[in-house]
């Protein structure tokens with residue numbers, strides 16, 4: 001087990017005796033037991049069940065959870081229009097002891113061959129949104145799943161949520177998240193496990209940063225490597241060294257070339273000192289050499305460039321793009337455009353379809369100005385089109401939709 005391996009390494013480092021492996025709770029009807037996660041939140045009778053196979057029904061959940069205690073209600077959350085499962089559910093028990101027992105016994109139990117993930121349902125989203133007690137783990141061995149991660153970190157405190165990120169085929173992406181109920185437990189886990197070996201891989205364990213914080217930290221990061229483009233074809237490595245060398249000591253300067261040795265008109269310069277790199281960017285960006293205006297900036301990874309471009313795109317089109325659902329199956333792209341053209345200039349219009357070409361009952365319409373888009377929402381939302389009331393709203397990013405659904 002990953003946890004035992006890590007704890008033995010810790011014991012070797014401190015000279016203490018290795019603690020015994022965590023004890024699983026007793027099993028019932030052959031179901032795998034989970035690891036006790038600490039004190040039970042007082043009065044918690046509601047559970048959140050995630051990572052559900054999309055075909056799991058309320059009846060299946062009732063059969064599974066009904067073995068543990070008396071159920072008050074079960075609800076698989078579904079899309080309002082298509083009624084397809086959203087992959088999670090809420091289950092309410094008559095008392096907190098039965099809810100706690102269900103969490104302990106049934107967490108990570110396979111249902112339709114997909115292990116379910118259970119945690120207490122917190123109606124107040126403030127704790128979840130605050131990020132308190134939330135940690136990020138990366139460089140995980142691909143064999144570590146939700147349960148192994150849970151078992152490893154449960155020794156440090158009461159876990160509210162635990163998840164390994166997976167791709168569409170269910171394979172681990174090599175990183176995951178754990179949220180404890182206290183900041184102290186999270187700090188303790190970080191102190192003890194950061195840099196340790198789990199399944200022979202050194203893991204990074206640190207505080208989880210929300211997207212805004214990651215973006216902010218990225219933008220304020222010091223850098224040594226500088227990217228320069230729009231170079232003249234005659235510009236050589238030595239020219240870059242001479243120009244950039246005025247701002248500090250350089251370890252390398254290179255003009256990128258194709259297979260035939262022809263300049264690709266961009267290059268990279270690496271400084272010994274980050275302050276010198278920043279000074280060079282400030283002084284040389286936009287400056288002309290050989291009638292060419294140089295673009296000089298921090299050299300970015302591909303992922304950073306894509307994130308920046310995505311942010312610019314979303315900012316540019318904010319308020320212009322509308323999401324429409326509850327469309328009749330007979331509505332085509334042309335018909336949708338005609339319906340919305342009376343409110344302004346439609347720059348793009350599309351009905352979403354499955355691979356076989358059948359309408360999914362939703363689509364997108366983009367306008368030239370935010371005012372036109374707002375006018376279309378006011379006039380078209382709720383309007384009956386071919387016996388169906390349209391739903392029209394500003395298009396949201398995936399993260400925004402997920403947050404809204406969680407709040408609901």
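Any Cβ shown, glycine's included, is placed from N, Cα and C.
Here TrEMBL flags 45-123, 133-205, 224-301, 320-397 as domain 'RRM'. Annotation comment: TrEMBL describes 9-36 as region 'Disordered'.
Sequence-distant residue pairs (6 or more apart) of the domain 'RRM' (320-397) and the domain 'RRM' (133-205) include fewer than 3 whose Cβ atoms are under 8 Å, leaving the two stretches without contact. For the domain 'RRM' (224-301), the DSSP-based tally of helix, strand and coil residues reads 22 helix, 30 strand, 26 coil. Per DSSP, the secondary structure of the domain 'RRM' (133-205) breaks down as 22 helix, 28 strand, 23 coil. DSSP states for the domain 'RRM' (320-397), grouped as helix (H, G, I), strand (E, B) and coil, give 22 helix, 30 strand, 26 coil.
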